[in-house]
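> This is the structure I have questions about; it appears just below.
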Amino acid sequence: MQIYKVGGAVRDRLLGRPVSEVDWVVVGASAEQMLELGYRPVGADFPVFLHPQTGEEYALARTERKSGRGYGGFTFHASPEVTLEEDLIRRDLSVNAMAEDEQGKLIDPYGGQQDLAARILRHVSPAFAEDPLRVLRVARFAARYAPLGFHVADETLGLMRQLAESGELAHLTAERSWKEISRALMEPRPDVFIQVLRDCGALAALLPEVDDLFGVPQPEAHHPEIDTGVHVLSVLRQCAEHDQPLSVRWACLLHDVGKGLTPEAEWPRHIAHEHKGLRLIQAINERCKAPRDCAELAMLVGEFHTHGHRALELRPSTLLELLQRFDVFRRPQRFAEFVAACEMDARGRHGLEQRQYPQAAYLLGAAEAARQVPVKPLLEKGLKGAELGEALNRERLRALKAYKAQHAPS
């Protein structure tokens, strides 16, 4: 029985990056032996065990064979006869197919160390093309390691293109796809994730509404980058640089999908793209099974982001309606995320990344001014129900008028 450290822990140590979790592979052992040693079984599909003291995952060395479509279409074989090299060759990328023995010696049968040095993400074997989830995984790794200069090997991109063209991506479950998409959007370069998916044709299969934005022009006076798809990539990059949460990044990815519906004869203007895009955003949320906070914010940002940009021009009554639409008096954080998404949208324009966005402070200040209106005096007057709500709205509107007079340019 031999135990090896494998995968990401080995890769990140060689890159000098912090190691967050460690995976192990066990060669020459059976499931029965693992149980006798006190390991706890957790693998539903193949033998994976938790160490009785550390809780780290130990998997029996295994091989796999394609037996159906999609991520789950594999038959696994684990036995004491499976070698370390046989286990490593089933992995996706050479940089993930390295191991260390208990003395710290590196085992690298597939050139992972060489590819690390060359900053290349390269598949281990042609079996890569059997698992459609690997398209998303490789794009996610590209998003993670782009700041270090990594890129996807041309031949690997070719296999990813084959997978996209084969229709295999349609067999991925929404849950698996969302897990990869959400993790990728939180990487240092989420824009690279989208670009790699587009380069291999997978974006058209997974998020066709976003893919349709590339090549759609916008007015150069407002968008020096012109191309709507390029703008979305820039907005995502701003999200990462400003450490925005997943909900904001998801909303920013989808905020302009309505522009893909504009007839070419109307380009580069996109009248009412906010409302046109809502049905697309709703369909994407449902198809991807986006969690509620992400789905709700995406819909709200899609509908109201131009309100955010015109905040200083909004009438106090319109501003109050906006605050009410966001339920800001009970959910102030959601409105703060909306404001952040608007700012990322404004900064995601080529050459304007550092331009000030006074709308952000103005909107947050307006929300606070309305929130500060006390309810107690109205209750003391005996108001309740609809009467109380109307009186509270009048007081909030009065507060917003005073706020606008003080803070908005005349």
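Every residue number used here counts from 1 along the chain in the order it is shown.
Each Cβ is built from the backbone N, Cα and C atoms, and glycine gets one as well.
Look at Swiss-Prot and you will find Gly8, Arg11, Arg91, Arg137, Arg140 tagged as CTP binding site. Annotation source Swiss-Prot lists ATP binding site at Gly8, Arg11, Arg91, Arg137, Arg140. The annotation Mg(2+) binding site is assigned in Swiss-Prot to Glu21, Asp23 on the grounds of sequence analysis. If you look up Swiss-Prot, you'll see 228-329 marked as domain 'HD'.
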> Whole-number answer please: how many Å between the C-alpha atoms of Arg137 (CTP binding site) and Glu21 (Mg(2+) binding site)?
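Rounded to a whole number, the Cα-Cα distance is 17 Å.
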> Given the binding-site residues Gly8, Arg11, Arg140, which lie close to Asp23 (Mg(2+) binding site), meaning Cα to Cα within 10 A?
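Among Gly8, Arg11, Arg140, the ones whose Cα sits within 10 Å of that of Asp23 (Mg(2+) binding site) are Gly8.
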> What is the total of other Cβ atoms whose distance to the Cβ of Asp23 (Mg(2+) binding site) is within 10 Å?
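For Asp23 (Mg(2+) binding site), the count of other Cβ atoms within 10 Å is 16.
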> Please report how many Å separate the Cα atom of Arg11 (CTP binding site) from that of Glu21 (Mg(2+) binding site), as a whole number.
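Spelling it out, the Cα of Arg11 (CTP binding site) and the Cα of Glu21 (Mg(2+) binding site) are 12 Å apart.
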> What does DSSP say about Asp23 (Mg(2+) binding site): helix, strand or coil?
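For Asp23 (Mg(2+) binding site) - judged by DSSP and reduced to three states - the answer is strand.
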> With every protein chain in view, what's the tally of Cβ atoms within 10 Å of the Cβ of Arg11 (CTP binding site), excluding that atom itself?
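I count 22 other Cβ atoms within 10 Å of it.
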> Which are the residues of the chain, Gly8, Arg11, Arg91, Arg137, Arg140 excluded, whose CB is within 8 A of where the CB atoms of the CTP site average out, their centroid?
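What remains near the Cβ centre is Gly7, Asp92, Leu93, Val95, Asn96, Phe141.
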> Tell me, if you would, which residue among Arg91, Arg137, Arg140 (binding-site residues) has the fewest other CB atoms within 10 Å in the structure shown?
Arg137
> According to DSSP, does Arg140 (CTP binding site) sit in a helix, a strand, or coil?
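DSSP call for Arg140 (CTP binding site): helix.
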> How big is the gap, in Å, between the Cα of Gly8 (CTP binding site) and that of Glu21 (Mg(2+) binding site), rounded to a whole number?
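So the alpha carbons of Gly8 (CTP binding site) and Glu21 (Mg(2+) binding site) sit roughly 8 Å from each other.
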> How many Å lie between the Cα of Arg91 (CTP binding site) and the Cα of Glu21 (Mg(2+) binding site)?
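One finds 17 Å between the Cα atoms of these residues.
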> Give me the CA-CA distance between Arg140 (CTP binding site) and Glu21 (Mg(2+) binding site), in Å, as a whole number.
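With the alpha carbons as reference points, the distance is 18 Å.
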> With helix taken as DSSP H, G or I, strand as E or B and everything else coil, how many residues of the domain 'HD' (228-329) land in each class?
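The domain 'HD' (228-329) comes out at 77 helix, 0 strand, 25 coil.
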